[in-house]
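For reference, TrEMBL has these:
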| type | residues | note |
| --- | --- | --- |
| TRANSMEM | 26-50 | transmembrane segment |
| DOMAIN | 41-288 | domain 'G-protein coupled receptors family 1 profile' |
| TRANSMEM | 62-82 | transmembrane segment |
| TRANSMEM | 102-128 | transmembrane segment |
| TRANSMEM | 140-158 | transmembrane segment |
| TRANSMEM | 203-225 | transmembrane segment |
| TRANSMEM | 237-260 | transmembrane segment |
| TRANSMEM | 266-290 | transmembrane segment |
Amino acid sequence: LGMRNHTMVTELILLGIPETEGLETALLFLFSSFYLCTLLGNVLILTAIISSTRLHTPMYFFLGNLSIFDLGFSSTTIPKMLLCLSGDSHAISYAGCVSQLFFYHFLGCTECFLYTVTACDRFVAICFPLRYMVIMNHRVCFMLATGTWMSGCVHAMILTSLTFQLPYCGSHKVGYYFCDIPTVLPLACKDTSLAQRVGFTNVGLLALICFFLILVSYTCIRISISKIRSAGDRQRAFSTCSAHLTAILCAYGPVIINYLQPNPSALLGAIIQILNNLVTPMLNPLIYSLRNKDVKSALRNVFPKKNFALGNK
């Protein structure tokens, strides 16, 4: 009888980034710039990888996948946040909220798996250089990439079904700028302890396990690098690994901190999420590829007129 007095929620209101009243215009300009850089950088990486046969290698295959996921991951939450900052409606449909949560965890989980696969690729390339192309053949790369997609999809389906199998009624205000498990569950009419435990543990432990596997891979890589006699080859291998580790720390750090802290601060949580949703996808092209000579060469071939103009200068 008590449930009949509630109106089932069909639309939710996103309250936006906590504790940022009066800063909407500045944040809109800042985040719009970041988002445009994210789109441009990752599109350039994809263009270079697709257009250049020299980049049709396992490493760039996985980096191309990472660029696709960076484009999708940032586009899951940032456009709606920018609309809210611009003064547009803060409303999001119930179905839109479900979709946002699903794709956020689907793409986020897939990225975690991709970082792990990329670390394994670097491990094989440095520790077994003569057998690298045999081990990481096209079939293996395709299976690994498909596995990351499928695993991320299953992970997101579990979290989304656990979250939205609960009845939502009464309050329809989400105290955040997008729909995520910690902000949606408080609106449920029933006990949410199971969904909270599974969601927080699943996301946090998954990130920790993948991060541990990455650390093991890079520990083995570090040992192999120390055995390289040529100083130039040793420096080149170390430079590649340090760039990968930087990107991994930027991606995994916010996830682990945000989901494993018992009583997170609203502002701190928002900053961590923005770092994960916007800043990391923007930095990945710079960290991974745009400083790479092969990528620069491929981009010059794609834009010959620009290259010619620069050459004349």
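Placed from the backbone N, Cα and C atoms, the Cβ positions cover glycine too.
Between the transmembrane segment (62-82) and the transmembrane segment (266-290), three or more CB pairs separated by 6 or more residues in sequence fall under 8 Å, so the two stretches touch. Between the transmembrane segment (26-50) and the transmembrane segment (140-158) there are fewer than 3 Cβ pairs closer than 8 Å, counting only pairs 6 or more residues apart in sequence, which means the two stretches are not in contact. Residues 105, 109, 112-113, 115-116, 119-120, 122-123, 126-127, 155, 159, 181, 234, 237-238, 241, 244-245, 248, 252, 255-256, 259-260 of the same chain lie 6+ residues outside the transmembrane segment (203-225) yet bring a C-beta within less than 8 angstroms of a C-beta in it. Predicted-model confidence for the domain 'G-protein coupled receptors family 1 profile' (41-288) is 83, expressed as mean pLDDT.
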